[in-house]
Amino acid sequence: MMERRKRLVFVSLYLMTQVFLSSQQVLRIGGIFETRESELVSTDELAFKFAVTNINRNRTLMPNITLTYDIQRINLFDGFEASRRACDQLALGVVAVFGPSHSSSVSAVQSVCHALEVPHIQTRWKHPSVDNKDTFFINLYPEYTAIARAILDVVRFFKWKRLTLVYQDSTGLMRMQELIKLSLKIKIRQLTPGNPDARPLLKELKKDKEFFVLFDCSYRMAAELLKQLSSMGMMTEYYHYFFTTLDLFALDLEPYRYSGVNMTGFRLLNPDDPGVGSTLDRWALERLQGPKQESGLVDGVMTRATQMTVSSLQCHRHKPWRFGPRFMNLFKEAQWSGLTGRIVLNTTDGLRRDFDLDIISLKEDGTHRMAVWNSYRGLNLTKTSKDQRNNVTDSLANRTLIVTTILENPYVMYKKSDKELSGNERFEGYCLDLLKELSNILGFTYQVKLVSDGKYGAQSDKGEWSGMVRELIDHIADLAVAPLTITYVREKVIDFSKPFMTLGISILYRKPNGTNPGVFSFLNPLSPDIWMYVLLACTGVSCVLFVIARFTPYEWYNPHPCNPSSSLIHNNFTLLNSFWFGVGALMRQGSELMPKALSTRILGGIWWFFTLIIISSYTANLAAFLTVERMDAPIDSADDLAKQTRIEYGAVRDGSTMTFFKKSKISTYEKMWAFMSSRKNTALVKNNREGITRVLTTDYAMLMESTSIEYISQRNCNLTQIGGLIDSKGYGVGTPIGSPYRDKVTIAILQLQEEGKLHMMKEKWWRGNGCPEEDNKEASALGVENIGGIFIVLAAGLVLSVFVAVGEFVCKARRNADMEAAFCLLHGGAQPRPLQPRRGSSSSSSGTSLSTDLESGRLLGDHLE
């Protein structure tokens, strides 16, 4: 801080003396400085003396001017003493007054200087409650509102979602008003006033995992904070500290260069500039007191003015300095470019309005300028900073990272070996190969550890996390390389790389047992409903054909064409014949009956077309149903699971699959989660291995990632995937929030994807011995088990026909016996002769005949002849 005061004091002194360059003069300037009990001389006073000495020594700057000074020391917060000492200095004829620093003292001195129209110059932050409008106040320190805007732009650039503000005194909150208004999650903490020990507060930061911290404090307190942060193990790559002091570059940052910590701050001057560097070296050699890390800067303004006389001023007379307004106008209107860049003062309030701030960050090789902030143009990244962003190996080379993972085939498995293995050699699998490839690209080394609780990571009802997610949150591990699903709730507490594998949720279930065709499998090509409809259709068509045939006159014909005068007519379509016609057409065999009328032919043609389609469809499906072993699964999709309760189903407890169903708003999945949550003790399993065992041994279906199902079904032929994917998601490498490794790992994964290595690794670990091929689906010889039912039907038909024939014989014999008995009654016991039916007068089996000359008793008379 002292050297910053030195450069600003020097600027002010040099600017002031330029107005007197036209004559040889001795100018007296006043300095009012506050002292502390712990120091004999304040750093501001040392800077003031050093600046005066160097200006007088360099006669080329102001050959006609010699500076002298009067220094007054006051106690802190003593405004009355400050105003009294200011009056004493004005009585000596000073042309300007420097200091003091505290707001109450500044107000008192500013009031005196304003009344007597003598310039009052400040080189530190101005309290906003002090009104400088149209006053004789000048401040070369950047305006606090501009600094607040610079802080706001840097926070937005880093895209911080949460932030902890640690301030030293109440003025810090005033400076941070713009930041507090920003829509961020901001925690505000205050350092204990007057106590340099901030370890209790830092302990709270560490406990609450507050990794993005903005320190608004003095230069001295910043130096103490760095030491205490280092002693508490808080100088790691996960912490990002932003110091608002303009002298961060001057702090001793050497011990923290290789810690990986992210440290950002402001810088008002550029020490890499040759002019600035030479000035700093000269001051470092000449300066025996005060901290060597303070920087210095010389700025000058060539402003000519006429000769001014300086006289003694008395506070009690209230007579102002007659050259005061002119002197102040020269100050405020002057614009010059020096070692601190452009210096432009506001002509109204005397504040510095146009300036540049370097945004610097700590790297392994020291501090670097990453951006430049201008009070008008805002933030502008430097070319060097843009190039560094594309350097993938920047902060990972030669680092050892802790990698947490979980045992899950084929991602991470214990390596089988006859020797005792240790360290990373204990494991193998897809994730170990991926980790090795990332290590080769990024140059880091790693140490693999299994997650302590054996869980992936889920949030409890109390908001606490478990598993690998918890270890990343607690910074126990740097990376989580495992089948860790990228989800919305996890993304809020940890960061993920781009997915290295895409997948979805599906159902793992036992492969259904095959069912051989039964002896009546020839009925399977048509459903029972269709068979019933076909029989009803055949019956209906036969009945309609019988009625139409009796109704239409064209179905009746003369059975004796040689006797046109015969009164006997014949119709072939009796009820039985109509049924026989329908069945014959259905069996593709036809019959001797042919319709003659147009109406009956239309009906017969439609029936033939119907039977053509039915028989063709039946024949097309018959081969498959007779030869193929069918797999009948009780469930085919998630909807089937949700509609039943006989088959129990679930997922890994506290895994991403469980979280998906828990958070889902789709009715089917809500119903499934209600089922699983009602049976937590049985439906949810600890890990995939337990779930697979339950699927094999009980009536249980497991919801899990499709890639795991693919791997398992390749090695266990009794398991299979049911249905398609329920959702779509990906596995990613997990890192703590704000980790500098996330983007670098993402770029490496994209590189592996483009090179095809991710696909090759999956083929290596997923390809198994394979399950036996399914039975040959080509046509094979049919056995009794396939078509035995046809023989049964044939045998049944033969037996039925025999029984029908016997029945017909018995019926006919009984009828003949009845007729013979009737004949005997009529002839008184005469020997009966065989009855011969009259031609054309009896029923024929092939049709129905009608005679127009039938009379009652005619048939009996013929028999009695």
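Glycine is treated like the rest: Cβ placed from N, Cα and C.
Sequence annotations record features per position, and here TrEMBL assigns signal peptide to 1-24.
A C-beta separation below 8 Å, combined with a sequence spacing of at least six in one chain, links Cys87 (disulfide bond) to Val112, Gln314, Cys315. In the three-state DSSP reading, Cys87 (disulfide bond) counts as helix. Per TrEMBL, disulfide bond is recorded for Cys87-Cys315 (among others).
The feature domain 'Ionotropic glutamate receptor L-glutamate and glycine-binding' is assigned by TrEMBL to 410-474.
Per TrEMBL, the feature L-glutamate binding site maps to Pro483, Thr485, Arg490, Ser656, Thr657, Glu705. Mapped onto three states, the DSSP output places Thr485 (L-glutamate binding site) in strand.
Within the same chain, residues at least six positions away from Ile635 (site 'Crucial to convey clamshell closure to channel opening') with a Cβ under 8 Å of its Cβ are Ile507, Tyr509, Leu641, Gln644, Ile647, Ala701, Ile722, Gly723. Residues annotated as site 'Crucial to convey clamshell closure to channel opening' in TrEMBL: Ile635.
Other Cβ atoms within 10 Å of the Cβ of Lys662 (site 'Interaction with the cone snail toxin Con-ikot-ikot') number 16 in total over all chains. Per TrEMBL, the feature site 'Interaction with the cone snail toxin Con-ikot-ikot' maps to Lys662.
What TrEMBL lists as disulfide bond is Cys717-Cys771 (among others). Counting Cβ atoms from all protein chains shown, Cys717 (disulfide bond) has 12 others lying within 10 Å of its own Cβ.
Under the heading compositional bias 'Low complexity', TrEMBL lists 834-852.
Here the C-alpha separation of Lys662 (site 'Interaction with the cone snail toxin Con-ikot-ikot') and Arg490 (L-glutamate binding site) works out to 14 Å. Reduced to three states, the DSSP call for Ser656 (L-glutamate binding site) is helix.
Other than the site residues Pro483, Thr485, Arg490, Ser656, Thr657, Glu705, same-chain residues with C-beta atoms no more than 8 angstroms from the centre of those residues' C-beta atoms, the L-glutamate site, are Tyr456, Leu484, Thr487, Gly655, Lys729, Tyr731. In this entry, L-glutamate is bound by Pro483, Thr485, Arg490, Ser656, Thr657, Glu705, whose most widely separated C-alpha atoms sit 17 angstrom apart. DSSP classifies Glu705 (L-glutamate binding site) as strand under the three-state reduction. Cβ contacts within 10 Å of Glu705 (L-glutamate binding site), excluding its own Cβ and spanning all protein chains shown: 26.
A 10 Å cutoff on Cβ-Cβ distances gives Thr657 (L-glutamate binding site) a total of 22 other Cβ atoms nearby, all chains included.
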